Structures are given as C-alpha cells and as structure tokens.
Amino acid sequence: MAGAIIENMSTKKLCIVGGILLVFQVIAFLVGGLIAPSPTTAVPYMSVKCIDVRKNHHKAKWLMPWGHNQCEKLKDFEEAVSRQIEANDIVFAVHVPLPSKEMSPWFQFMLFIMQLDIAFKMDNDLKDNAEVTLDVSLAYRDDVVEEWHEIAHAIEIRKLKCTFGSPKTLESEGRHYDCDFLPFMEMGSVAHKYYLINIRLPVNERKGINVGIGEIKDIRLVGIHQNGGFTKVWFAMKTFLTPSILIIMVWYWRRITLMTRAPVLLEKVIFALGISMTFINIPVEWFSIGFDWTWMLLFGDIRQGIFYAMLLSFWIIFCGEHMMDQNERNRLSGYWKQVGPIAVGSFCLFIFDMCERGVQLKNPFYSIWTTEVGTELAMAFIIVAGICLCLYFLFLCFMVFQVFRNISGKQSSLPAMSKARRLHYEGLIFRFKFLMLITLACAAMTVIFFIVSQVTEGHWKWGDLTIQVNSAFFTGIYGMWNLYVFALMFLYAPSHKNYGEDQSNGDLGVSSGEELQLTTTITHVDGPTEVYKLARKEAQE
C-alpha cells in the first residue's frame with residue numbers, strides 16, 4: 001500500500017514538471033505570435049539607369065540614383081541609342097534603403113536577389129544557356145553629406161534561366177521573357193545607415209562578354225532583412241534562456257560529481273548536449289549592434305551544426321544504452337558505425353558553408369551556385385550529407401526496433417527477477433518510452449509548424465488579434481528544444497541520496513552478473529535518476 005501511495009505521488013510530481021514545461025512552451029509560441037513582428041521584410045528596388053561620365057573628369061566615383069549629387073539619368077535605352085551612349089557607359093544604381101529611410105544594425109543581415117527585365121527582339125535574341133557578366137560595386141556611408149566608402153567590388157557571372165511564352169515572331173517583339181530570380185548579394189551585418197550599389201553590364205563582343213543576353217530593359221532587386229522588432233524579441237529570449245540552461249547544467253554536473261563512480265557515456269553526452277545548447281543560446285549577437293561582424297551568419301550556422309550533431313549522437317547513444325543486453329557500450333568507440341555518418345555529414349555541410357558564406361566574408365556577391373564547378377561541388381557535398389543522414393536514420397530505426405523488441409521480452413520476465421534487477425529494468429523501460437514520447441512530440445511539432453509557416457501567408461487574423469505564424473514558429477521551436485535539453489538534464493540526473501541499506505548488493509542478493517548489468521547504464525546502485533524516482537519510487541519495505 002505504501003509503495004502504491006509513493007508511486008502515485010511520484011507520478012503526480014512528474015505531471016507537475018510536465019505541466020510547468022508545457023506552460024513555458026506555450027509562452028514561447030505566444031511571444032513570437034503576439035509580441036514579435038514578422039521575422040523578415042522584403043523591399044523591392046528598381047534600379048536607375050545612370051550615365052557614367054567619369055571619362056569627362058567627373059569627380060564622383062559612385063553614381064547616386066537620387067538625392068544630393070545625383071547622377072545624370074537615362075529614361076530608357078532608346079534615349080541612349082539616340083544620344084550615342086554606349087552600353088559600357090551605363091550604370092544601374094540602387095540606393096538602400098528607399099528615400100527618407102535608414103538601415104539599422106537591428107536588421108542583422110541583408111540578402112538581395114535580382115531579376116532582369118529582358119525584352120525579346122528578333123535581332124538580339126536570348127541564347128540558350130546565356131550568361132550575364134556583372135561588374136558590381138558596393139559602398140556605404142552614415143551621413144547624407146559624407147563620401148561613399150567602398151565595401152566590395154567584383155566581376156560576377158550569373159546564368160540566365162528564362163522562358164518565352166509566345167512564338168518568337170515580329171509580333172512578339174517587346175514582350176518580356178519570364179526569368180528566374182538570380183542570387184545577387186548577402187551580407188551578415190547591417191552596420192551602416194546607407195548603402196549604394198552600382199551595377200555595370202560590360203560588353204566585349206570579341207571576348208563574347210554579355211553577347212546574346214537579349215535586350216535588358218531594367219534591373220530589379222529585392223532586399224530581404226530581419227525586422228528590428230523580431231531581433232529584439234529574439235535577443236531577449238536568448239538572454240533569458242542562457243542562464244536557465246547554464247544553471248541546470250551546473251546542477252546536473254554537480255549531481256554527477258557527487259556520485260562514487262565515474263560518469264558514464266550517456267551522462268557525458270547529455271552534458272555535451274547542454275553545452276551545445278548553451279553555445280547556441282549565448283547572445284553574442286548583442287555585440288553585432290555595435291560592431292560590424294559580417295561573420296555572424298557563418299558563426300550561427302556552425303553553432304546550429306554542433307547542436308544538431310550532438311542531438312543526433314545523443315539519440316543513438318541513448319538507444320544503445322537501453323538495449324538491455326550484456327554488451328558493454330559505455331565507450332564512444334562502440335558507436336562508431338552510427339556516429340560516423342553524423343561526423344561525415346556534418347563535415348560535408350561545414351565545407352559547403354565555408355565555400356558559400358566563408359567566401360562571402362570577402363565578396364558578398366559570391367554564390368557557389370553560379371558556376372558549373374561550384375554547383376557540382378555543392379551538390380556533391382549535399383548528396384554525401386544526405387546519404388549520411390539516411391544511413392543514420394536507418395541505424396537509429398534499427399536500434400529503436402531492437403530496444404522495443406528487448407523491452408517486450410524483458411517485461412514478461414520481470415516478476416521472476418530479484419528486486420534490484422526488476423527495478424533496474426523497469427527504470428530502463430520507463431526512461432526509454434518517456435524519452436521516445438517527448439522526442440517524437442518535439443519532432444512532430446517542428447515539422448507541423450514548419451509546414452504551417454510555409455503554406456500560410458505569414459500571419460493569422462482573428463478579429464482585432466493578429467498572430468505572426470512565422471515568428472511563433474521560430475520562437476516556439478527554439479524554446480521547445482531548450483526545454484527538451486532542460487528536461488533531459490533535470491529528469492536524467494543521477495541522485496546522490498542514500499536509499500537505505502536494503503539496496504546494497506549483499507542485502508538484495510544481486511549476483512555478479514546483475515551487478516555488471518547495473519554498472520553499464522545510468523541506473524546505478526549509487527541512486528536512480530530523477531525520472532526514475534518520479535516514476536518508480538522505491539518503497540522501503
């Protein structure tokens with residue numbers, strides 16, 4: 001009777017812990033849905049065609065589309081032909097942001113895509129697999145009367161992928177091709193108030209540069225940046241979650257060091273998972289408000305990659321430590337077949353990211369997808385990483401199947417076991433089922449909210465209440481995985497309390513084989529984990 005009462009109390013405690021975590025999870029979603037604005041904003045820009053008159057001793061190197069010291073403009077290319085202005089003397093100028101606005105470090109990054117307005121002409125048709133060569137320059141300033149300072153200059157090539165929906169006849173002249181957007185520029189910081197982009201389309205018939213690209217009428221850019229309001233909410237969440245995970249990590253490791261045994265592999269992996277989560281949480285982004293740290297996007301990718309690698313490794317090792325057989329698995333080398341694909345896949349994605357965003361630290365106009373060699377190299381890295389991911393999930397599914405098969409075999413023989421061995425296996429079975437449940441719930445919520453954020457318009461409106469779905473996705477999922485790691489360290493921390501002399505090996509009559517089995521997993525004679533205590537409280541008989 002006493003055992004049943006204690007077990008009911010422990011189950012109640014587990015429900016209370018789960019309820020508290022659920023409340024925090026709901027708050028994480030509501031913070032993004034009700035407080036934060038949309039994560040990003042897209043701003044369209046139409047380039048202004050300027051005449052480059054530097055050959056006539058013009059002092060300005062940079063051509064401004066409007067405002068003080070603006071350039072001499074062209075209305076269209078017909079005017080250029082009538083004035084005998086060559087294509088090499090035409091510059092497409094774009095000022096970021098639009099008039100009477102300023103950029104802010106709270107925008108965090110800038111991503112630009114380009115669309116070319118190409119008209120069909122019989123005598124200047126667009127060739128198959130045509131490539132456009134861009135001579136692009138980027139400059140900044142922080143005052144409207146200040147001189148422009150160059151950030152980057154590059155000669156870039158972009159492949160044109162266009163279709164024409166009408167027959168190519170004289171009647172169709174002047175109609176525009178339907179062209180795909182082209183990657184143009186990406187910057188990992190927005191440290192200045194004003195930016196200026198100058199684009200030239202140099203023509204060299206002898207070298208075949210910008211020949212057979214049709215008649216380009218205009219260049220349009222779409223600039224995407226993070227909303228400042230969302231950035232502030234995101235920084236606030238990171239600032240709140242960092243000490244939360246740090247405190248539970250210190251508490252968790254202190255519990256382990258108080259044990260009379262050395263930490264087992266699973267405990268080390270859970271602690272490493274907490275470190276990787278803390279690495280993501282540390283709000284170093286606050287410094288990007290005052291410093292021009294263009295490497296923040298690359299740094300963020302590396303932090304996420306480390307966390308995902310640790311999370312995948314934890315799932316494998318957790319399953320292995322709950323196999324409930326006689327194999328010794330308390331060594332990382334025992335999981336090389338399963339962890340190997342994680343390491344190879346992570347390395348491939350890291351190299352891909354370095355080839356893309358690493359190069360963009362020096363040249364923001366660079367894209368690995370713009371050349372055949374770069375595209376093949378990128379696809380090779382992604383395919384290898386995809387194969388490794390598939391192998392990993394095959395190994396994981398096989399191990400989960402083995403654990404459930406062993407569970408069904410052990411459950412039928414539990415009544416005939418000694419108390420120590422029975423409690424040991426009950427703890428293993430409950431721990432595994434409990435973690436599988438919350439893991440599947442977290443994965444399902446991630447997938448569901450990702451799909452919802454992709455198929456909706458970005459927000460839901462209920463009367464006067466507007467819910468930002470995309471913001472809720474980011475803050476909710478980010479908070480969820482933090483709670484996942486928090487719950488792991490809290491519920492699977494070993495206990496340092498003394499549970500009485502009746503738990504010693506001699507009093508319980510545990511054989512040498514049983515003692516060996518008790519030392520291969522986290523449920524040890526020094527004390528059960530928190531989740532074990534909450535679910536299977538041992539009654540003192």
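Including glycine, each Cβ sits where the backbone N, Cα and C put it.
Keep in mind that TrEMBL annotations are predicted by a computer and have not been checked by a curator.
Note that this is a predicted model, so its numbers are computed, not measured.
Here TrEMBL flags 48-226 as domain 'Wntless GOLD'.
What TrEMBL records for 227-496 is domain 'Wntless-like transmembrane'.
Here TrEMBL flags 233-253 (among others) as transmembrane segment.
Long-range contacts of the transmembrane segment (265-284) within the same chain: residues 235, 238-239, 241-242, 245-246, 248-249, 252-253, 256, 299, 303-304, 306-307, 309-311, 313-314, 317-318, 321, 329-332, 481-482, 485, 488-489, 492, 494, 521-522, each at least 6 residues beyond the stretch ends and with a Cβ under 8 Å from a Cβ of the stretch. Sequence annotations record features per position, and here TrEMBL assigns transmembrane segment to 265-284 (among others).
If you look up TrEMBL, you'll see 296-318 (among others) marked as transmembrane segment.
Look at TrEMBL and you will find 339-359 (among others) tagged as transmembrane segment.
Listed by sequence, the residues of this chain that lie at least six past the ends of the transmembrane segment (379-407) yet keep a Cβ under 8 A from its Cβ atoms are 312, 315-316, 319-320, 322-325, 337-338, 341-342, 344-346, 348-349, 351-352, 355, 429, 432-433, 436. Taken from TrEMBL, the feature transmembrane segment covers 379-407 (among others).
Annotation source TrEMBL lists transmembrane segment at 428-452 (among others).
Remote same-chain partners of the transmembrane segment (472-493), defined as residues 6 or more beyond its termini with a Cβ less than 8 Å from a stretch Cβ, comprise 17, 21, 24-25, 27-33, 36, 39, 230, 233-234, 237, 241, 244-245, 248-249, 251-252, 255-256, 266-267, 270-271, 273-274, 277, 281, 307, 311, 431, 434-435, 438-439, 442, 445-446, 449-450, 452-453, 522, 529-531, 534. What TrEMBL lists as transmembrane segment is 472-493 (among others).
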Worksheet item: Other than its close neighbours in sequence, what residues sit by the transmembrane segment (339-359), given a CB gap under 8 Å and a spacing of at least six beyond its ends?
Response: 186, 188, 297-298, 301-302, 305, 308-309, 312-313, 316, 332, 366-368, 374, 377-378, 381-382, 384-389, 391-392, 395
